[in-house]
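Taken straight from TrEMBL:
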DOMAIN    10-264  domain 'ELP1 first N-terminal beta-propeller'
DOMAIN    303-410  domain 'ELP1 N-terminal second beta-propeller'
DOMAIN    424-535  domain 'ELP1 N-terminal second beta-propeller'
DOMAIN    559-760  domain 'ELP1 alpha-solenoid'
DOMAIN    767-930  domain 'ELP1 TPR'
DOMAIN    948-984  domain 'ELP1 three-helical bundle'
Amino acid sequence: TKHDKVSTDLCLECVGSVESGLTGMMWSPDQELVTLTTGQETIIMMTKDFEPITEVAINQDDFGEDKFITVGWGKKETQFHGSEGKQAAQRSLEVQPALPWDDRKPRITWRGDGQLFAVSAVCPQTGARKVRIWNRECVLQATSEVVNGLEQLLCWKPSGSLIASTQRHPNKHSVVFMEKNGLLHGDFTLPFGKEQVKVKELLWNSDSTVLAVWMEDLKPRENDHPNTYIQLWTVGNYHWYLKQSLHFGNEALRAPACVCWDPEKPLRLHLLTRGWASYTYNWGWSTQRSHGNDCHDNANVAVIDGDKILVTTFRQCVIPPPMCAFELQLPVPVNLVTFHSQAQRTNELAALTADGHIYVYGQGESYNLKLDSNITGEEPLTLCLLLWLSEDLFLAVAHGRHLTRLTHIKTAVNARLFHTDSSELSLTEWKDSTGNMINFPRPCVQTALCTLSGEEHLIGLTERSHLYIGDSLVASNISSFVVYDDFLLLTTHSHMCHCLNLSTLSIKGLQSALSSDANQNDETVRKVERGSRIVSVVPQDTRLILQMPRGNLETIHHRALVLAQLRKWLDRLRFKDAFECMRKLRINLNLIYDHNPTVFLDNIEMFLKQIDSINYINLFLTELKEEDTTTTMYPCPSRSASSSASGKGGKKVDIICDALQSTMETLDPQKYCLCILTSHVRKTTPELEIALQKVHELRGESLGSNSASAEEALKYLLFLVNVNELYEHSLGTYDFDLVLMVAEKSQKDPKEYLPFLNMLKTLEPSYQRYTIDKHLKRYRKALLHLSNSGKKHFTELLSLVKDQRLYSDALELYPSDSEQYKTLSVAYAEHLVEQQQAEQAGLLLWRCGENARALQAFISCTSWRNTLAVATHIPLPPEQLALLARDLAEKLLEARRHAEAALCLEQYAKDCEEAISALIQGAAWEEALRLVSLFFFYLCPPLPVIAISNQTSFLESQKALFIRHKNRLAVVRELKAKARLELFGKQEILIRFIYIIRFFQRHCMCPLEEILHV
C-alpha cells in the first residue's frame, strides 16, 4: 500500500471535550448526525461537523410522547389469572439488577431510516437495564417495560420493525425483540445452557433477513481462552431457524476481533481475527431438494434448523414450515445438507455439521453413518460445497490452504472414516459444442444443467435475479427456478410462473418467451402470489410447491406441467391416472380421445377396465363434444405423435359412443347398463327410443348384483333427458306399458295423459300409430301409418300431405297407376305452380295424364319445347298448333330468346319471313343467312339493309354519348384543380395572418383586440 506523505504526519484536532468522559457513540445511517453518551448519563446530539444540537438526560421519569392512552379497560385487576387467583393481580414485579458480567455501559442503535434511535442504559434507581426510544430531535418517544435479565446488547432491525436484544431467563438464554413502543414482541432461544455463553454482539444484515449472534464462553476453563461462536439466524412463518454456525475454537488468535455485514451485499460477512486474519463469507439462499425424476423420489426438501434437519416429503404430504414430515436430530448444528445423486437412492441425504463431521441418512430402520472428514482446517466452514456422487464417493470444495479433492467413504464393521485420495483433482475447462469455454458473466448462487434443443447447457441465477444460460442473459427478473425433466420452471418478480418446454425452444426463443407478455390462452404462464418462490416439483406428478414470503406453502398445478404429464400417461396407456388427474384439475376429458384417437379406439377395453367405475365412464361420455381440444383448448407443442381428432371418418361423438357401446355390450351389458344408455343419449342424434326400449327390456330380465334395475335405469335417463321429452319419445315406441312407466316418474297429472292413452287403445293399430306420430309431429311416420289404414282415410291423408307438404313421400307410398297417385300428383302440381315451379308441375301433370292442365302449365312458364310436345301429343289441329307457336314466339322475343322464337316460327308456324326477321333482330346473322339461302325469298334483300341501318344508328348514338361524357369529365377535372389551388391560397393567407399577429404581440405588446382592429 502506498502512503501519501501527508498521511504519515496525521494531526489530531480537538473539536470538544466532555469532562465525565464518553461511554458510547453511534453515527446515524445517513451520516448526518452523531449520538454520544457521557459519563454523566446524558445524550449529546451533534451534526456531522461535531456542532452540538442538544443534550438530554438518559434516565427520565416520563414514558415519552408515545405514552399509552387507556380508559380503564383491560386493567390487570380485572383480568383472569387462572389458579393463582386475584392475588396475582396484586403481586408486584420484583426488579432484578443487571447481570454481574454486564459492563453497565449504554448501547446506542439507530433505525434504518435514521428517524429514531434507541439507548439501552442501566437505571440508577433499580440497577436494571431499560431501553428508551428517541426521535431524530432527541425527544423521548417511549420507554421499555421492565424486563428482568435484559442484557446490554442492542441492534435495531434496518427495516425498522423490531429492536433485538438478549435476555436471561431462569431456565434459558434468549434473543428478544422489542417494538418501537418498548413492548416485547417475540423471541427465540439460543442453543446453549443457562450460564454457558454470553452474547458479545447482535448484527442485522442490510436487508434485515439474517441476524448474526456473536458469542463466547461465559466461564472458560482455567488457563484457557473462551470458545467463540457466530450463529446466523433467519425467520420464516414466525419461526427462527439457526442456518449457519461458525465455531472458532478456544485459540486466542483465531477469535474474532471485529465482525460486520457488508453494506451492499446482504449475505456477505466480514470478519477480522485477533491474529490479523481477515475472512469474508459469502452465502446464498438455496433450496436443498432431492434430484430424482422417477416415481421413487419422494420430492424431499431438507431445511436446516440448528442441530435438526426438517425433512418434508412432498409426494406424501404438503406441510407448512416450521412443521415437517420428520426430523433428523444431530448432536451439533448443521451447516450443509446434500442429497444422493444416484437414481433410486435420491431419498438419502448427508449432512455436514459445524464440527466437521458428515452424517449420512438413508431409508431403513438403522441406516445412519457418522463420518469424520479429517480435512477441516483451522477456520470454520472449510467445506463450502458437498456433492454426494455415489455410494462411497463425495466431492467437496474447500477453501483456505486446502485444495479441491475427491473423498472416499470407507465403511466397515468398526471403521467409519472419511479418506482423501492421494491424487489431487485437476480442473478442466468446460467447453460447448463450438469449442468455446463456458463462463457466467456474473457469479451465480444457483446453477443447474439443462438440455436445450438437444444440446447440454449450464443455467445459472445470480443474486441480482439475472438468469444466464452460459454467457447469454436470458432474463433479469427471475426470483427462482428449477429444471425438471424437459421443463424449466421459473418465478419472476412480476409475480408470474413460467413453465417452458426446453426441447422445443432455443436460447432466443427462451428470451422471447420470458420477455413477452402472456396471451390469455398461453398455458406456459400463470399468475402467482407476490414473492412466490419454487420449492420443489413432485416427479412424475403435476404438483409444483411454492413458498410465500411469509413462509407458508402453496401447491399449484401448472397447466403446462399438467398437460405434459397427461400426455405421458396417455402415451403409456395409463388411462386411470390421467382420468383422475383430469377430473381433479378440471381438464376437459375430451383430451383422452383427442390426444391420439387411433390409440384410444384400439384400447377401449383397457380404458374401461382401468377406469372400472360406472360414474366415471358416464362422466366421460357426458363431457364429449365435437371440438378437437388439442387444437383449441390444449394445443400440443408438437403434434407429430398425435393423429387427427376425427379418427375414423364420421362424427367424433358418435364414433366414441358406438365404440364404447359395442365394447361394453361385449364385456358385461348388465354391469355397464347405465353407460350403454348414456352412449345412446349422447349421440349427435339421441337414440332415446332405443334407450327406452333397453329400459323396458330390463323389466323382464333377472338382474345380477352389479346390474341396474329398470327403475334405476329410468331414473338415470330422467337425469340425462328432460322428462317431457322422454315422455314424448316413450310414446314413439308405441309401448303403453313403457309410456305409463315414464309418466309415473314425471310430474304429470294422470288426468292429463290417461284419457289420451285410453283413447289411443281404442284405435286400430295403424291409425293408432298415425295418431301418436301426428301428436309427436313425426309427420313422415304418421303418413306411412295412415296410408296403411285403408282408403277410407285417404281424405285425411291428402289433408296431411297438403298441410305438411309431404308430396314426394306420399307419392312413394302408392303405385303410379292408382287413383290416389293421380290425386296426389294433381295436388303436388298445384303446389308447384304456387311455388313458381310451373315446368315441374307440367311434367307431373303430363305424367299422370292431365295433358290439358300440363299444356297450360308449360305455356305459363314459356317452356316452348314441352308445350309443343304436349300439343302434338294431344294432338291439336294444325291451325291451333301454328297459332300456339306464334304466341310462344312472341313471348320468346319479349324474353330476347330470338333463336328459339325463329325456330318456333319456322318449324311450327311455317313463317320463314318472320323467322328471318327474328334472327336479324337477335343478330344471329349466320342462321339468318342460312334461311335466306334456303328459301330464296324476293323480299329478303331489304331485311339486311334495314338491319345495317339499325346497327349504324346504334353505333352513332353510342359514339355521341361517349363524346359527351368525355367532355364532361374534362370539365370536372378542371374544376377540381381550381378548387384545390384556391384552398391552398386561403391556407397560405391564414398562415401569414397568424404570423403577423404573433409578430405584433411579441414586439408591440398590444392586446389582441387592438391588433385585430388595426
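Glycine too: its Cβ is placed from the backbone N, Cα and C atoms.
Same-chain residues lying 6 or more positions outside the domain 'ELP1 three-helical bundle' (948-984) and placing a CB less than 8 Å from one of its CB atoms do not occur. Mapped onto DSSP classes, the domain 'ELP1 three-helical bundle' (948-984) shows 37 helix, 0 strand, 0 coil. Taken together, the residues of the domain 'ELP1 first N-terminal beta-propeller' (10-264) have an average pLDDT of 88.
Here the domain 'ELP1 N-terminal second beta-propeller' (424-535) is broken down by DSSP into helix, strand and coil counts: 12 helix, 48 strand, 52 coil.
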